[in-house]
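Structure record follows, encoded as C-alpha cells.
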Amino acid sequence: MAAPRISFSPSDILFGVLDRLFKDNATGKVLASRVAVVILLFMMAIVWYRGDSFFEYYKQSKYETYSEIIEKERNARFESVALEQLQIVHISSEADFSAVYSFRPKNLNYFVDIIAYEGKLPSTISEKSLGGYPVDKTMDEYTVHLNGRHYYSNSKFAFLPTKKPTPEINYMYSCPYFNLDNIYAGTITMYWYRNDHISNDRLESICSQAARILGRAK
C-alpha cells in the first residue's frame, strides 16, 4: 500500500518557519537577528516568485541607461562636427553671420535650435534665446528644403528665433541636411548685412559639402 502523499502550501511553510523562529519568545539581539532572517527570506521569496519580472526590469533599465549615454555622445559629436563645418562655411562664404539649425524632437521637427553660429548676431536675436523656436512648416524655406533644394532670399528668414523684422539682413542662403534616417533634420544658413556676396553656384558647393558631413554625423 502506497504511503499517503503529503503536500505543503507556501503558507504552511511560512508559518512553520515563523513558529520555529519565535516560539521561545526570544528578545533583544536574538529577536532582531530572527526578524532579519524573516525579512531576508521574504525578499528571497519575492525574487524567486517574480524573478523573470525583476530580470526584465533590470535589462530594460540597463538598456535605457546605455541608450541615453549613446545619445549624449552622439549629440556631443554632432555639435562638434557642426561647429567645425560652420567655421569652414563661414570663412569660405564670406558671410557676416552663419548658423547651424537643428530640429527637435527627432524626425518630428516641432522646434528649431541654433546649435552653433559664427559672426555677429542680428540685432533682433539674443544669445540667451537661441533655442526652442517653433517651426512653421508652411514657410517657403521649409518646403523647399524638404525636397532637398537650397533656398535663398533677401526678405524671408524662416528660422531666425525672432518675430521682429531684421532689416539689417540683405541676403541669406541656406541648404538642408538630412539625418541617417533620411529625414530633414536642420539647415546650414548664411546671412549678409551688406549687399554683395559670392555667387550662388559657389555657395551651393560650400553648403552642400558641409550638409553631407553633418548628415552623416546626425
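Heads up, the Cβ atoms here are built off N, Cα and C, so glycines get one too.
The disulfide bond annotation in Swiss-Prot covers Cys175-Cys207. Residue density at Cys175 (disulfide bond): 26 other Cβ atoms are found within 10 A of its Cβ, drawing on all protein chains shown. In this structure, Cys175 (disulfide bond) is part of a beta strand by DSSP.
Positions annotated as topological domain 'Cytoplasmic' by Swiss-Prot, on the basis of sequence analysis: 1-34.
What Swiss-Prot lists as topological domain 'Periplasmic' is 50-218.
Taken from Swiss-Prot, the feature transmembrane segment covers 35-49.
For Cys207 (disulfide bond), the same-chain residues that are 6 or more apart in sequence and have a Cβ closer than 8 Å to its Cβ are Val89, Ser93, His150, Tyr173, Ser174, Cys175, Ile188, Met190.
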